[in-house]
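Peer 1: The structure's right below; bear with me while I get my questions together.
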Amino acid sequence: MKGGQICLTIAILALASSVASASDPGPLQDFCAAINDTKNGVFVNGKFCKDPKLANANDFFFEGLNKPANTSNSVGSKVTAVNVQQILGLNTLGISLARIDFAPKGLNAPHTHPRATEILVVEEGTLYVGFVTSNTDNRLFTKVLNKGDVFVFPIGLIHFQLNVGDGNAVAFAFLGSQNPGVITIANAVFGSNPPISPEVLTKAFQVDKNVINYLQKQF
């Protein structure tokens, strides 16, 4: 290849690289409405950064994931999140994790993370896990996981974990966002504030209004 062609190739690659990187960062919360008056602008896409000279080891530290969480609730599970709210040093690093404890037959109910793919590893017990693809296929992918097994839940897709073993279960989830967000489907649909109109839900679920009223009372 001649010198002129090499220079042209390098220029094209450089241009392609700059175009590929010239995109908005992914949202780190549900929304970030713009404001013209900067005196009242207190939120950013993420968190404000402290002076690096003032950072210390505690900004990158969390303790306690060795401790089982209380699973005495209606679903028999408890998620202990470790994201940018707990470790300030995670800001801008694009990663977080969680410990999930399950009582026997405990369920981490169907939910989605709008900002992160999740990779789950089972530390103890046996879990039935799965996710559902988007419309119109709505394919269900499931697997029974034992200690040491790993499963991936793609970003934004509804997924769940159910303890199908005889004893307690523990799993650790690693997520590709400092603030992945979580939308628990039943809570969002039947426990929104204010409530979604029963007229909407009766038509969506093709059930009687009394069924919707009962479900909304549960949340």
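Glycine is no exception: its Cβ is also placed from the backbone N, Cα and C atoms.
From TrEMBL, here are the annotated features:
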- N108, H113, E118: oxalate binding site (BINDING)
- H111, H113, E118, H159: Mn(2+) binding site (BINDING)
- 63-213: domain 'Cupin type-1' (DOMAIN)
- 1-22: signal peptide (SIGNAL)
Peer 1: From the Cα of E118 (oxalate binding site) across to the Cα of H159 (Mn(2+) binding site), what is the distance in angstrom?
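Peer 2: Cα-Cα distance, H159 (Mn(2+) binding site) to E118 (oxalate binding site): 10 Å.
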Peer 1: Sequence gap of 6 or more, C-beta under 8 Å: which same-chain residues meet both conditions with respect to H113 (oxalate binding site)?
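Peer 2: When sequence neighbours closer than 6 are ignored, H113 (oxalate binding site) has F153, I155, G156, L175, S177, P180, G181, V182, I183 within Cβ distance under 8 Å.
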Peer 1: Taking just the CA atoms, what is the gap between E118 (oxalate binding site) and H111 (Mn(2+) binding site) in Å?
Peer 2: 12
Peer 1: Tell me which residues of the chain lie with their Cβ under 8 angstroms from that of H111 (Mn(2+) binding site), as long as they are six or more apart in sequence?
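Peer 2: I158, H159, F160, V182, I183, T184, I185 - these are the non-local Cβ neighbours of H111 (Mn(2+) binding site), listed in sequence order.
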Peer 1: List, in sequence order, the residues of the same chain other than N108, H113, E118 whose Cβ lies within 8 Å of the centroid of the Cβ atoms of the recorded oxalate site.
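Peer 2: Same chain, not in N108, H113, E118, Cβ within 8 Å: A98, H111, T112, A116, L120, F153, H159, A173, L175, P180, V182.
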Peer 1: How does the model score the domain 'Cupin type-1' (63-213) in terms of mean pLDDT?
Peer 2: 97
Peer 1: Could you tally the C-beta atoms, other than its own, that fall within 10 angstroms of the C-beta of N108 (oxalate binding site)?
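Peer 2: Within a 10 Å radius of the Cβ of N108 (oxalate binding site) lie 25 other Cβ atoms.
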Peer 1: Residues other than H111, H113, E118, H159 within 8 Å, Cβ to Cβ centroid, of the Mn(2+) site?
Peer 2: T112, A116, F131, F153, L157, I158, A173, P180, V182
